[in-house]
Structure formats: C-alpha cells, structure tokens
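S.K.: Input: one structure, supplied below.
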Ligand code: 5GP
C-alpha cells in the first residue's frame, strides 16, 4: 500500500537492526485518516471471506481493527494481556512471547464472544516472528470458529513470522512489507 509505505519512509525511525518505531502515526499518536485508508484496503483484501468478527490484541491493534471493522460492519474483540476481575473467568487462553518486551505473557478472550459460527479476521499492527498472530490463531482454533485471514499493517519480511504463518496455510496479507532495514535504510518488498 503506497500511502503507508510513503508514511513509513517519511516518519518511521529504525531502532537498532530490527525495530521500526512509528509512534507518530500508528503506535502512540494515531493518524485516523491513514487508518481509514488501511481499513478500506483490508476490506478489499478480505471482503469475500464473509468475516463476522475482527480479533486483535491490545493495545496497538485496537485502533486499526476498529476503523477496519466499520467497513466490514462487524464487532471487534481484543485479546487482553492482563488478568482482570472484569473478564469472565471462562476464557480462551494462549501464551505469547513478546518481541518488543522480550517476555512471555498470557492473552485471553472471553468465551462469550467467539463461537463456532464465526469467521474471524485477525488484525495486528506489526508482524515480526509471528508469535502474537499465532496466539490469536490458537484462540480462534479453541473456539471452533473459522480463521478467514490475518491482516497486518506492517510486516517485517526479513523476520520469520510471515513465512511461518503462510506455511501453516493462513491467508496472511500485509499492507506494507519491509524487506530490509539495514543501516537504518528501509526497503520494501515488491
Ligand atoms: P511478533 O509476535 O510477530 O513477533 O511481533 C508482533 C508484535 O510485536 C506486534 O503486536 C507489535 O506490537 C510488536 N512489534 C514487533 N516488531 C515491532 C516493530 O518493529 N515495531 C513496533 N512498533 N512494534 C513491533
């Protein structure tokens, strides 16, 4: 997606060899007009899958998922990363290793909001090693719902996640795929 690639080039900052910081438009301040275009693009890519719900993970996936959901006209569920007394104790759980935080945490989704009649679109901001998406896919699997696809804003194509998920047969579509970030210089896959 040209608009997103241009924005990454303009405002993204490479940290070390493998982290892209996009706090000015995606991970902290959010550019809603850009999210709107991303939402339209996700709809173009996955409209034919008859999606009934979008599943994402807190925090950064939520904004993107909500804007996309307006095109699909479906609810958004976000997996929670912390235990809370508010959350139904009857929940689907999965373990996720966080690439950015370097630790494993449990994600949870109440059993009330996913069922075997659903076709789920997973949406997330980044795809690195695929752990977040795999955790979400594991939750979808436990619920008996169908996984319609995985929509990612920014995939780092030089990390293993995309390959791993596609090899598992998941329909993964990313709006921008970064092929390399060496020496702070970004390039995109064709
Ligand atoms: P994965 O689970 O695929 O290894 O990593 C994806 C998750 O880690 C995303 O939900 C995202 O929050 C975070 N992440 C991974 N790489 C980056 C990155 O380069 N920049 C930012 N901002 N977040 C990242």
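Heads up, the Cβ atoms here are built off N, Cα and C, so glycines get one too.
Unlike curated records, TrEMBL annotations are generated automatically.
Among the features that TrEMBL reports, xanthine binding site is placed at 20, 27, 156. According to TrEMBL, the 5-phospho-alpha-D-ribose 1-diphosphate binding site annotation covers 128, 129, 130, 131, 132.
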S.K.: Comparing the binding-site residues 131, 156, which residue's C-beta has the most other C-beta atoms within 10 angstroms in this structure?
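M.R.: Most Cβ neighbours within 10 Å: 156.
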S.K.: Here the binding-site residues are 20, 132; which one has the lowest number of other Cβ atoms no more than 10 Å from its Cβ?
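M.R.: Relative to the other binding-site residues in 20, 132, 20 has the fewest Cβ atoms within 10 Å.
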S.K.: What kind of secondary structure is residue 27 (xanthine binding site) part of, going by DSSP in three states?
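M.R.: Once the DSSP labels are grouped into three classes, residue 27 (xanthine binding site) ends up as helix.
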S.K.: Can you tell me the CA-to-CA distance separating residue 131 (5-phospho-alpha-D-ribose 1-diphosphate binding site) and residue 156 (xanthine binding site), as a whole number of Å?
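M.R.: A Cα-Cα distance of 13 Å.
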S.K.: Check the Cα distances from residue 156 (xanthine binding site) to each of the binding-site residues 128, 129, 132 and keep only the ones within 10 Å.
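M.R.: Final answer, ordered: 128, 129.
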S.K.: Looking only at 20, 27, 156, which the record lists for xanthine, tell me the maximum pairwise CA distance in angstrom.
M.R.: 16
S.K.: What number of additional C-beta atoms lies within 10 angstroms of the C-beta atom of residue 128 (5-phospho-alpha-D-ribose 1-diphosphate binding site)?
M.R.: 21
